[in-house]
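In Swiss-Prot this protein carries:
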type	residues	note
ACT_SITE	Glu94	active site, proton acceptor
DOMAIN	100-339	domain 'Radical SAM core'
DISULFID	Cys107-Cys344	disulfide bond
BINDING	Cys114, Cys118, Cys121	[4Fe-4S] cluster binding site
BINDING	Gly168, Glu169, Ser200, Ser222, Ile223, His224, Asn301	S-adenosyl-L-methionine binding site
ACT_SITE	Cys344	active site, S-methylcysteine intermediate
Amino acid sequence: MSEKKINLLDLDRKAMRALFADLGEKPFRADQLMKWIYHFGVSDFEEMTNINKVLRQKLAARCEIVAPEISGYQKSADGTIKFAIHVGEGQEVETVYIPEDDRATLCVSSQVGCALECTFCSTAQQGFNRNLTVSEIVGQIWRVSHFLGFAKETGERPITNVVMMGMGEPLLNLANVIPAMDIMLDDFGFSLSKRRVTLSTSGVVPALDKLGDALDVALAVSIHAPNDELRDILVPVNKKYPLQEFLAGIRRYIAKSNANRGRVTVEYVMLDHINDSTEQAHELAQLMKDTPCKVNLIPFNPYPGSPYGRSSNSRIDRFSKVLMEYGLTVIVRKTRGDDIDAACGQLAGDIRDRTKRLAKKRMQENQISVTMN
């Protein structure tokens with residue numbers, strides 16, 4: 001039986017150089033190879049013309065460059081493109097390309113499904129299947145870059161920003177997320193600025209501390225409620241890591257981070273008559289008073305079977321004004337791609353192999369009662 005080949009998309013530069021040392025080659029050869037893979041999108045060793053033939057043959061014998069395939073895509077009227085990415089065994093994740101006038105952001109998944117069971121998120125309703133590998137994470141960027149034409153003129157803006165805000169909780173897959181983000185930041189990888197790579201978390205505090213020791217990227221935190229009582233319902237991981245513990249972890253992270261410029265991005269989904277009253281806005285402002293931040297208010301994007309509705313524009317406006325009275329920077333996020341279910345909270349994935357999934361959790365089965373504001 002032949003030995004399984006090493007997928008080079010699984011290796012950050014440190015691991016790539018270790019491989020080349022094992023091959024008896026100098027470190028700069030690893031850097032050359034990474035440029036071919038990530039700057040030019042080349043997966044055939046024979047096309048790497050500044051690498052000698054003997055080394056190309058060695059690489060072909062032991063290694064491969066394999067990214068997950070795009071199995072389908074939909075394009076929104078606003079230019080957003082949602083990709084279904086096949087990651088094997090009948091499994092798919094979703095990756096979303098969001099073009100704007102001055103940038104193009106790719107929203108990347110870190111897991112197949114999600115275990116956190118946030119009650120307003122469609123991905124959470126599926127349960128959790130597995131973590132994505134490094135190659136499956138960076139492969140989303142690599143494959144979509146191919147779709148966009150890499151350096152060629154295709155009419156689409158090249159990817160300038162990456163947000164780990166797709167399917168899954170990135171901090172529950174640190175072993176793969178950290179080297180994947182290393183590749184995103186590496187000059188010989190995707191060469192993105194650390195301020196253009198954002199990780200979003202719902203608050204796995206010990207893993208947030210580990211991230212801070214390993215990497216410096218922009219941080220977005222999913223708060224979604226101004227107190228523990230409501231957040232226990234909306235974001236159940238709060239029962240393990242309550243708000244004050246989460247906020248302390250956030251402050252530790254931004255204290256050692258340059259990417260965040262001294263403040264964190266707070267994400268707050270606006271749920272009609274659930275978390276959007278003016279009283280709750282005052283409560284949120286008081287909650288965040290010791291944590292430098294800007295606040296993204298996210299209009300809820302309904303999905304089939306969702307027990308929640310989207311806050312009205314007038315309620316969002318009142319909520320926003322209260323926060324600004326406290327001196328907070330507030331942005332009301334423009335909904336993108338909701339006509340193709342690509343908006344925030346709508347990534348569900350067409351996953352056919354569900355044998356390892358948790359049973360679906362439905363709000364109506366839990367008999368959760370939330371006080372109407």
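Each Cβ is built from the backbone N, Cα and C atoms, and glycine gets one as well.
Here the features listed in Swiss-Prot are placed on the structure.
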residue : record                               : DSSP (3 states)
Glu94   : active site, proton acceptor         : strand
Cys107  : disulfide bond                       : strand
Cys114  : [4Fe-4S] cluster binding site        : coil
Cys121  : [4Fe-4S] cluster binding site        : coil
Gly168  : S-adenosyl-L-methionine binding site : coil
Ser222  : S-adenosyl-L-methionine binding site : strand
Neighbour tally for His224 (S-adenosyl-L-methionine binding site), based on other Cβ positions within 10 Å of its Cβ: 25
Rounded to the nearest Å - Cα separation of Glu169 (S-adenosyl-L-methionine binding site) and Cys121 ([4Fe-4S] cluster binding site): 12
Sparsest-packed among the recorded positions, when each Cβ's other Cβ atoms within 10 Å are tallied, from Glu94, Glu169: Glu94
Per-residue pLDDT averaged over the domain 'Radical SAM core' (100-339), given as an integer: 94
Inter-residue C-alpha distance, Cys118 ([4Fe-4S] cluster binding site) and Gly168 (S-adenosyl-L-methionine binding site) (nearest angstrom): 11
Listed recorded positions Glu94, Cys107, Cys114, Cys121, filtered to Cα within 10 Å of Asn301 (S-adenosyl-L-methionine binding site): Cys121
Pairwise CA distance, Ser200 (S-adenosyl-L-methionine binding site) versus Cys107 (disulfide bond), rounded so that it is a whole Å: 11
Those binding-site residues, out of Gly168, Ser222, Ile223, His224, that come within 10 angstroms of Cys114 ([4Fe-4S] cluster binding site) at the Cα: Gly168
Spatial separation of Cys121 ([4Fe-4S] cluster binding site) from His224 (S-adenosyl-L-methionine binding site) - C-alpha basis, Å: 12
